[in-house]
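Enquirer: Starting off with a structure, shown below.
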Amino acid sequence: MRVLIKNGTVVNADGQAKQDLLIESGIVRQLGNNISPQLPYEEIDATGCYVFPGGVDVHTHFNIDVGIARSCDDFFTGTRAAVCGGTTTIIDHMGFGPNGCRLRHQLEVYRGYAAHKAVIDYSFHGVIQHINHAILDEIPMMVEEGLSSFKLYLTYQYKLNDDEVLQALRRLHESGALTTVHPENDAAIASKRAEFIAAGLTAPRYHALSRPLECEAEAIARMINLAQIAGNAPLYIVHLSNGLGLDYLRLARANHQPVWVETCPQYLLLDERSYDTEDGMKFILSPPLRNIREQDKLWCGISDGAIDVVATDHCTFSMAQRLQISKGDFSRCPNGLPGVENRMQLLFSSGVMTGRITPERFVELTSAMPARLFGLWPQKGLLAPGSDGDVVIIDPRQSQQIQHRHLHDNADYSPWEGFTCQGAIVRTLSRGETIFCDGTFTGKAGRGRFLRRKPFVPPVL
């Protein structure tokens, strides 16, 4: 199958040009002008549009069981929503397994979840929920099997202590894997939460007050120092929500430490005032939404290159689940927001169309750097001969208002309801096949492929 995309502006992280793009058998074969492919071929007119590499979202939680609830998006509805929003690859953070389980236990479970449902290509981050010799010995074997990143938690049920973190950092570094971490100070959060609950303060706003930015920033600083102690182990901070943590990361980067960081659209565009609305439970996630001052600091990091990746942390619990389980108590509410369908459009509208970032920087944040950090480059995150034919076409002339009834996830609400975006996703191709066009999804469950990722190689800092 041949596809010729004509008359668009093709954008990669290192530049853009008005040129045509030829995809054959799912692979980019040629870029340039006056391309004359062999018949037959499909021609797509991208006049006036940007032609970007398909998005790579390296932080989703599909089909996750958090003990009190299971998220309402599985690998079909989640990847369907992703591709309708211009994302053609996801790397899912697997949930915790049973107490004492092997490291690969969850990989086997999650490959079963995704195998016959994923619409687009996918991989997983390993999850380290306890440390012993057997777990450490499994790490290099899993890297050989194509899992080159693993997640640690400093909070929740399976949080690691500093000694366990050091052991994990060392073995992951030795094995060619990247350590990712959810950084929040669990003891400080538990103390604040208990204080509020004892006083009967259980409204949504106390979720944010129980997890102040200092809890996140302290844990970021601690992880940076532990990574240095562990032999300058590479480190990736997930879902950054505040400027103080970013300051610590800037300092580490200035000292040439291999650290990288992602943020999410919710921390750039939503703020803590959402907790005081009638539907405040809709916005329970961790870290919580911050104030507008913190948003501004994150936008500075987006603009000046201090932030490397924009992902989503898509973790969908319906409003019905939230209300039934929480019964008005923030501490009982399952955490997470939907957003995998909105990431590309929101960042394009609020970033590119406002002049905060260039189209090239948009590519770097949404596909190129995620692919480089997580062992998918140059197969993903790039439009060049030999790369996969993963493409998203965005028309900057179109304006759209986000309405949940038009979205493709399995939630019953959107935190972005009513947001007006300048720029519309008009077509998404996965390996050369159009599976979203002008509002219509045409993909099929099970067409996505598991991606064996290469061992971690640090991009130049």
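For all residues, glycine too, the Cβ spot is worked out from N, Cα and C.
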Enquirer: Besides H59, H61, K151, which of D313, D329, D388 does Swiss-Prot list for that divalent metal cation 1 site?
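Expert: Site partner of H59, H61, K151 for divalent metal cation 1, according to Swiss-Prot: D313.
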Enquirer: Select one of H116, H182, H207: the residue that Swiss-Prot places in the divalent metal cation 2 site alongside K151, H239.
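Expert: Checking H116, H182, H207 against Swiss-Prot: the divalent metal cation 2 site match is H182.
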Enquirer: Hey, Swiss-Prot has substrate bound by Y156, S286. Any idea which of N185, N242, N255, N335 it lists too?
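Expert: When Swiss-Prot describes the substrate site, the candidate it includes is N335.
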Enquirer: Near H61 (divalent metal cation 1 binding site), which residues of its chain come within a Cβ-Cβ distance under 8 Å, counting only those 6 or more away in sequence?
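Expert: Sequence-distant Cβ neighbours: S71, D92, H93, G95, D313, H314, C315, G336.
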Enquirer: Enumerate the residues of the same chain, H59, H61, K151, D313 excluded, that satisfy the criterion Cβ within 8 A of the mean position of the Cβ atoms of the recorded divalent metal cation 1 site; list them in sequence order.
Expert: T60, D92, H93, H125, H182, V238, H239, A311, H314, C315
Enquirer: To the nearest Å, how far is the Cα of N335 (substrate binding site) from the Cα of H182 (divalent metal cation 2 binding site)?
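Expert: Taking the Cα atoms only, N335 (substrate binding site) lies 14 Å from H182 (divalent metal cation 2 binding site).
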Enquirer: Cα of H59 (divalent metal cation 1 binding site) to Cα of Y156 (substrate binding site): how many Å, rounded?
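Expert: If we compare the Cα positions of H59 (divalent metal cation 1 binding site) and Y156 (substrate binding site), the gap is 18 Å.
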Enquirer: Output, ordered by sequence, the same-chain residues six or more apart from K151 (divalent metal cation 1 binding site) with a CB under 8 Å from its CB, or 'none'.
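Expert: In sequence order, H93, H125, G126, V127, I128, T180, V181, H182, V238 meet the Cβ cut-off.
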Enquirer: For Y156 (substrate binding site), which residues of its chain lie six or more apart in sequence with Cβ-Cβ distance below 8 Å?
Expert: H182, D186
Enquirer: Using Cα coordinates, what distance in whole Å links H239 (divalent metal cation 2 binding site) and S286 (substrate binding site)?
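Expert: Distance between the two Cα atoms comes out at 9 Å.
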Enquirer: Within the chain of S286 (substrate binding site), which residues six or more apart in sequence place their C-beta under 8 angstroms from its C-beta?
Expert: T155, E184, R211, N335
